[in-house]
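The next block holds one structure in the form of structure tokens; read it before the comments.
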């Protein structure tokens, strides 16, 4: 599977009300990926309007702050890397 680009999680916009990260797509829409999907290992954000996809660069430990911002708990405890 080929992706359009590789984007750091810090460069994406987090929408706490949807628990979703977005990033502008060249088609005018936005790439989307859900926080829980990322927690489960998904690293590809998809644009709902075209066929483009991007790789999202993050560490699982990075997600804790976004769960806190959304006011929810992660599906399981996030352990710091040893």
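Glycine is no exception: its Cβ is also placed from the backbone N, Cα and C atoms.
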(request) Can you dig out which of the ranges 49-65, 66-82 Swiss-Prot describes as region 'Required for interaction with the elongator complex'? (result) 66-82
(request) Tell me the Cβ contacts of residue 27 (Fe cation binding site) under 8 Å, same chain only and six or more apart in sequence, or just say none. (result) 47, 49, 50, 52
(message) Let me make sure I understand the structure: which of the binding-site residues listed (25, 47, 50) has the fewest other Cβ atoms within 10 A of its Cβ?
(response) 50
